[in-house]
Amino acid sequence: MSLVFQSLVLGVLMGGLYALLAAGLTLYFGVMRVVMIAHSAFLVLAAYLAWTFTVHTGLDPMLSLLVTVPLFFVLGVAVQRLLVARLRPATLTMMSVLLTFAVALVVEGMLGFVFSGTHRRIPLSYSGARLELFGASVALVKLIAFGLAVVTLVGLHVLLKVTRFGQALRATMQHREAARLLGVDTDRVAGFGFGLGLATAAVGGTALALDSTIYPSLHWHWIGPLMAIIVVGGLGSVAGAAVAALLLGVGQNLLQIPLGTTWAQTFFYAALFLTLILRPQGFFGGRLAQRF
Amino acid sequence: MRSGSETFVKAAGLVALAGLVVAFPSLASDPFVLSVGVVIISYAVLATAWNFVGGFTGYISLGHAAYSGLGGYATGLLILRADVNPWVALLLGGLVVAVFAVPVGIAALRVRGASFVIVSIALVLVLLLVFQSWESVTGGSDGLRVPRPFDADVLRPEQHQRFFHLHAVLLAVMLLCWWVIDRSRFGMGLKAIREDEDKARSLGVPTVRYKLAAFVVSAFFTALGGGLYALWFGFLDPIFQFSILVGSNMVLMSLLGGVRSLFGPLVGAVVVGYATEFFKAQYGDTQMHLVAMGVLLAVVVLFLPDGIIPAVRGLFVRLRPGQASIREVTQEELAEEVRR
């Protein structure tokens, strides 16, 4: 019983991290109808930057966020402006997949070139620390990663709901033409939306690096689960992705008890195929997904 | 409207191409060059097989490595576990994969665009997990040794020669099929789906059946390509068989050459295959070949979305007086053809 409870707690923590990682994907899809395959490659890039920062300065990897978050925001705007915006509207969705796939290959190749294929891990003084949480034993780094995810997602939520930029972004996501008629500079907003998405990747990658070994081709392991989350959640819906991330994270962790880690991973794909057969528009999402 | 001289030029080109393919193994004295030739023609087989879905329907599958990998494993396992004759196993493997592709196609083709691409990626990733974990059957991460189909006295270079010609035969069969479909009512329906699926359906094209048929044909040929490669290479490893890189290579090659042309994927395979081998030979130890492939893909998507063949043809047409359109079939023509 305690094993199940332990898995449940770990599942919730992991689901929170998944929600953070998938939030960026829903932003890109919302503002540009773009499936950003390179998102997980940028996660790994952020993880490597955090590793480099800690190894060279000896400071806590979370301080690297002060550099990586603004850097990734600018990178995101650049990717949208210089690459994605150049695609023909008629074939945007399909071609954007290939384009961002190309970006992912370039990022992975450069990481391999600069850092070599060696597996790396951030040296942390508190990496072994564990906390008792309602009777479950949880590694401190997992709690920190979850905390980062919660702070970022709440911040994102407030930004989208309260600020003027958030309103413009949501308007652009809902109906681009109508937003433009109301005076929203949708191209600029789309660029910022991309930047925001990539900024979440900076946080997510750092959170990831606290608790796992990193190597250049790691991003392939994340593409599948993240894609499954946004399809199950309904493409383009931040809230839907968060719910789906929690459910899938918990489900995966519970299935690990009888099946083991590798087979438990197939749960994401089972959920993905089941969603497509039963409800192609996703279980928690809006109307966006229907045509894509 | 096609002039006699144009037909003659085309026929001559085809004969020259066939002659070149037949003669290549004797021209390439070096066994290494010959093995690169086999790799490239194997790429051409896979890209052409991919183009049955990508080119006709416009559905971009990044996960066709699923079918080539399954074809390879099906062939190998049938030989090893069921003691089937290798060539029968190759064909049987293709059929098994085609049957497997039916439910997958039904699920995947329910969604369009981005979701379809996601599903195709997910399929490869899940198969990679399964083939790595299911060690008792597939050999897991240790890989699977596929026995040679020829006797031991057939030496390596001669093997390369034979496999080069076997691939060439498969390629010729596929090109013929593509050409026939391209001119059929079925092909017209598929191209109508590519241009506007909703309009095509409203005009009475049975879109679901057509898409599924193209999907299964493509999976069948891809599996044959994968099986033939497995027989030649003799060793299967899940990491390399179920790799998104293999699938994206097929897309890159087809797009680069031109998905709307019969020989587009072949041209793309020669360019990309040669470039890949070159980069691996030059920068094999680093990951720079990934960067090179990424940059090439980005350039093709941004600047050459129709491919080399249409771009070159467009250049010729523009130089000739009295021609305006470079599009092979317009939407109106397609709609007209489907209505008839």
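Just so you know, glycine gets a Cβ as well, placed from its N, Cα and C.
Features of the protein shown, as given by TrEMBL:
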TRANSMEM  A:6-27  transmembrane segment
TRANSMEM  A:34-51  transmembrane segment
TRANSMEM  A:63-84  transmembrane segment
TRANSMEM  A:96-116  transmembrane segment
TRANSMEM  A:136-160  transmembrane segment
TRANSMEM  A:189-210  transmembrane segment
TRANSMEM  A:222-250  transmembrane segment
TRANSMEM  A:257-278  transmembrane segment
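A contact links the transmembrane segment (A:189-210) to the transmembrane segment (A:63-84), because at least 3 Cβ pairs that are 6 or more residues apart lie under 8 A. Under 8 Å from some Cβ of the transmembrane segment (A:136-160) lie the Cβ atoms of residues 2, 5-6, 8-10, 12-14, 16-17, 19-20, 23, 62, 124, 126-127, 129-130, 166, 169-170, 196, 200, 203-204, 206-208, 210-211, 238, 242, all in the same chain and six or more residues away from its ends. For the transmembrane segment (A:222-250), the residues of the chain that approach it from at least six positions outside its boundaries are 8, 11-19, 21-23, 25-27, 29-30, 35, 37, 39-40, 43, 153, 156-157, 160, 173, 265, 267-269, 271-272, 275-276, 281-286, 288-289, 292, judged by C-beta separation under 8 angstroms.
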